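Swiss-Prot annotations:
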DOMAIN    1-54  domain 'TRAM'
BINDING   Cys67, Cys73, Cys76, Cys155  [4Fe-4S] cluster binding site
BINDING   Gln264, Phe293, Asn298, Glu314, Asn342, Asp363  S-adenosyl-L-methionine binding site
ACT_SITE  Cys393  active site, nucleophile
Amino acid sequence: MVDVLNIESLDLEARGIAHRDGKVLFVEGALPGERVTVQTVRRKPSYEIAKVEEILRPSSQRVAPRCPHFGVCGGCAMQHLAPAAQVAIKQRALEDTFWHVGKLKPARILPPLYGPTWGYRYRARLSVRVVPKKGGVLVGFHERKSSYVADMRECHVLPPAVSRLLLPLRAMIAAMSAPDRMPQIEVALGDEAIVLVLRHLLPLTDGDIAVLRAFAAEHGVQWWLQSKGPDTVHPLEREHADALAYTLPEFGLRMPYRPTDFTQVNHAINRAMVSRALKLLDVQPQDRVADLFCGLGNFTLPLATQGREAVGVEGSKALTDRAHEAAARHGLGERTRFATLNLFEVDVQWLRGLGYFDRMLIDPPREGAQAVAQALSLLAPGERPRRIVYVSCNPGTLARDAAIMVHEGGYALRSAGVINMFPHTGHVESIAVFESLDEATVLQAQAQARQKAREEAERLAEAAAA
C-alpha cells in the first residue's frame, strides 16, 4: 500500500516522522516539511516503518549527498540534510530530552560548536570481509542496519588520505595468507602520522609482514598489529611506538596516545570543545579542579595550566599512567594528580575523600555519570563544587544525571548546547553548565529528595506485604 504523508519532524536516525490514523510512521529518506509517497516495510502495533517512494514536495533544507554510498553505508545518516539543519535538529533533540527525561530547561542555550563538515573522522573502525560475489575483499563500514560490509570505494567523512586507502587495502588484504581471518582494521590519525591496526586471528607469515611493509612504504602509513585482546596491540616497527599525538595549541600541549586509546574522533572540534569547557568552567588561579572520566588528560592538562591543581580520575590505570607521563613532560607534574577508580560505583564518602574542589568537569561515556551525580547531590553546601561542566555524548544519560543534580542536589542548569562532533550522523555531543544554588535552596532540595525516597520505600514495602 502506497500512502501520501506530510513529514512533521526528524528523529536522530534521520527518519522522517509522520502520523496517520493515530499511528506514528518513521519514514526512511524523508525530511521535515516534505510531502511524500511512502511504502510501509514493517508494521508494529504502535508504529510503522516506511521508505520514500516519491518526493512530491521537497524540503528547502534537502541537499544532494556528496557520497555515492549514502543510503547504503551505515557510516552516515544525514548527508541529504543541510549541515546547519542537522545541528538545529540535534539542539532540539537535546532540549526535548532535558524536558522529557528530567523536566528541565536550560536557562540559556549555548551557540552550537561547529567544525569541519567533511574529512573530520580521525578515528574509525573498518570491517574486512571476503565476499566473492562482490569481487573479493571489502573494507569499510557496515551497511545501514546490517552486518554486511558496504562496498565502499571512497568515504568523505574520513580524511582524504585515508579515503584513498580503501581500494588499496582491499588488494593488500587479498594478497595475504589468510584474508578471511583478518576481520578489522582500525584507523587512527595523529597530527603527524596515519596508523592502521590490523586485527589478525592467525599468526602472520613472513610474506604477510613483507606485504604490510611494502604497503606502508608506498602509502606513508604505520602498521600496528593485534592478535587477541587490546593488550596485544603493538607496532610492527618499534620506532613507531610514540608516533601518534594530537595537539592543543591554545594550551601549548602535545598529547601522545596509542591507536586503540579513546580519543575524540574530530580533532578540530576537540580543540574548540576544550577551549569552551574551560571558559565555561571559569577556573581561577587558586582553584582546585576535578576532571572525572579524564582518560588521557584531554581536559586535565589544560585545567592544570589555569588552576592551582587539577585532579584526574579514570577507571583505566593504563590511561592515568600515560596522563601522568604527559603532565610530567609538560612541567605540570606538581599541578596534577591522577587516581584510578571505577566512577560507576562511587559514593559521597569517596567524593569527600578527594577533598574540596572549587570546580569540576565530568566527561563520561554513553552510560553517563549517575553515581557521580548522586554523590554530588548529597554533598553539603560548603563541601561541593560551585560550578560543574558536563560534557556528554548521550542526551538521555545527561538529562537523567542533570535531574538528579537539580531536583535532589540543589544545582541549577545554567546553560547547555550541542557540539557538532559527528556531522552527518545522529550522534549528539553536548555540553552543560551547572551551578550550586544558595545554602537554603540546596538543603530544601536535599530534604525533599530524602522525603520522596522514604515515601517510595514505604510504598514498596506495602506492595511487598500485600
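Keep in mind that glycine also has a Cβ here, set from the backbone N, Cα and C atoms.
Features as recorded by Swiss-Prot, highlighted on the structure.
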residue	record	DSSP class
Cys67	[4Fe-4S] cluster binding site	coil
Cys73	[4Fe-4S] cluster binding site	strand
Cys155	[4Fe-4S] cluster binding site	coil
Gln264	S-adenosyl-L-methionine binding site	coil
Asn298	S-adenosyl-L-methionine binding site	coil
Glu314	S-adenosyl-L-methionine binding site	strand
Asn342	S-adenosyl-L-methionine binding site	coil
Asp363	S-adenosyl-L-methionine binding site	coil
Cys393	active site, nucleophile	coil
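Looking only at the recorded positions Cys67, Cys73, Cys76, Cys155, Cys393, the one with its C-alpha closest to Asn342 (S-adenosyl-L-methionine binding site) is Cys393. Other than the site residues Cys67, Cys73, Cys76, Cys155, same-chain residues with C-beta atoms no more than 8 angstroms from the centre of those residues' C-beta atoms, the [4Fe-4S] cluster site, are His69, Phe70, Gly75, Gln79, Phe141, Ala150, Met152, His156, Val157, His424. Calculated from their C-alpha atoms, the gap between Cys67 ([4Fe-4S] cluster binding site) and Gln264 (S-adenosyl-L-methionine binding site) amounts to 23 Å.
Under the three-state DSSP scheme, Phe293 (S-adenosyl-L-methionine binding site) falls in the coil class. Of all Cβ atoms in the protein chains displayed, 22 besides its own lie within 10 Å of the Cβ of Phe293 (S-adenosyl-L-methionine binding site).
Cys76 ([4Fe-4S] cluster binding site) is 17 Å away from Gln264 (S-adenosyl-L-methionine binding site) when you measure Cα to Cα. When pLDDT is averaged over the domain 'TRAM' (1-54), the result is 92. Ranking the recorded positions Cys73, Cys155, Cys393 by Cα distance from Phe293 (S-adenosyl-L-methionine binding site) puts Cys393 first.
Taking the C-alpha atom of Glu314 (S-adenosyl-L-methionine binding site) as reference, the shortest distance to any of the recorded positions Cys73, Cys76, Cys393 belongs to Cys393. Cβ packing within 10 Å was compared across the binding-site residues Gln264, Asn298, and the lowest neighbour count falls to Gln264. The two recorded residues Cys393 (active site, nucleophile) and Cys76 ([4Fe-4S] cluster binding site) have their Cα atoms spaced 17 Å from each other. A simple way to gauge crowding: the CB of Cys73 ([4Fe-4S] cluster binding site) has 22 other CB atoms within 10 angstroms, across all the protein chains here. Of all the binding-site residues listed here (Cys73, Cys76, Cys155), Cys76 has the Cα closest to the Cα of Asp363 (S-adenosyl-L-methionine binding site). Remark: Cys155 ([4Fe-4S] cluster binding site) has Cys67, His69, Cys73, Gly75, Gly140, Phe141, Val162, Ser163, Leu166 as non-local neighbours, by Cβ distance under 8 Å and separation of at least 6 in sequence. Across the annotated binding residues for S-adenosyl-L-methionine (Gln264, Phe293, Asn298, Glu314, Asn342, Asp363), the two most widely spaced Cα atoms sit 21 Å apart. Cβ contacts within 10 Å of Glu314 (S-adenosyl-L-methionine binding site), excluding its own Cβ and spanning all protein chains shown: 25.
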